[in-house]
């Protein structure tokens, strides 16, 4: 962390957990295990010490947004239009974005019992593999140019306008967009958008995805720790794919482990690390909140925009 974070207040985990005194976790260990991503590490104590204070903070932002919306409607002499409270979550591949997103979805639903809380990932807005292959971009998958940004921004604009919107569905098992399958959203109360690219400058240089966000989170960690998590996850995916020939990773299951690790290290260095250093990490100061993870996946520091 450097002067890049001069606009953030650094908060230790010890101080953060004291900002919210509720000790009831709102979910069971079994529920937490079911939403935890492969090779991630989180327990009930993390929920109580980190995520319950975060839910309380999000509630503060939501009340402020509602008050501003009400005041603007009075000023403009217009009726208030109900719009989703949109939360953007970004960070590297294998850093734990999906676990955080699913956990927030569940906790928000438990604390706002009459509200609808939806989750969408930007993976669904990747171009299909056939398009990437046609344009010789398959090895650039995950980089900014591999996303259909026009479709993604149109989706966000439609959702933010309170209208029904649909998003393509991505499958990590087939490593591609699922044909003829859509995820539909009808004016939810909360919408969580998770992806490596949610803070990136768009190709027209005029509009950011984050322009649509009411709150935003960046999951941070040292790159050598993320690399280790990525390699561990890759080996776990190979184990799962051994008995599923339709799985994308099945093609790598016949490799000796040392060759599989060497392959994963090459992918990390030439694709994921480059993407992280050039396009993902430089955007973290656009987040409202940064959650920093230590080597054991545990959040040890929190940075809140002043």
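Including glycine, each Cβ sits where the backbone N, Cα and C put it.
Worth saying up front: this structure is predicted, and the values here are computed from it rather than measured.
Per Swiss-Prot, the features are:
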BINDING   91, 92, 93, 94, 95, 96, 97, 98  ATP binding site
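Known features from Swiss-Prot, placed on the structure.
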{"residue": "91", "record": "ATP binding site", "contacts (Cβ under 8 Å, 6+ apart)": "97, 196, 218, 219, 220, 221, 280"}
{"residue": "92", "record": "ATP binding site", "contacts (Cβ under 8 Å, 6+ apart)": "196, 219, 221, 223, 226, 272, 276, 280, 281"}
{"residue": "93", "record": "ATP binding site", "contacts (Cβ under 8 Å, 6+ apart)": "142, 196, 226, 230, 272, 275, 276"}
{"residue": "94", "record": "ATP binding site", "contacts (Cβ under 8 Å, 6+ apart)": "39, 226, 229, 230, 233, 272"}
{"residue": "95", "record": "ATP binding site", "contacts (Cβ under 8 Å, 6+ apart)": "219, 220, 221, 226, 229, 293"}
{"residue": "96", "record": "ATP binding site", "contacts (Cβ under 8 Å, 6+ apart)": "37, 40, 42, 219, 229, 293, 297"}
{"residue": "98", "record": "ATP binding site", "contacts (Cβ under 8 Å, 6+ apart)": "37, 121, 194"}
Can you list, in sequence order, the residues of the same chain other than 91, 92, 93, 94, 95, 96, 97, 98 whose CB lies within 8 Å of the CB centroid of the ATP site?
196, 219, 226
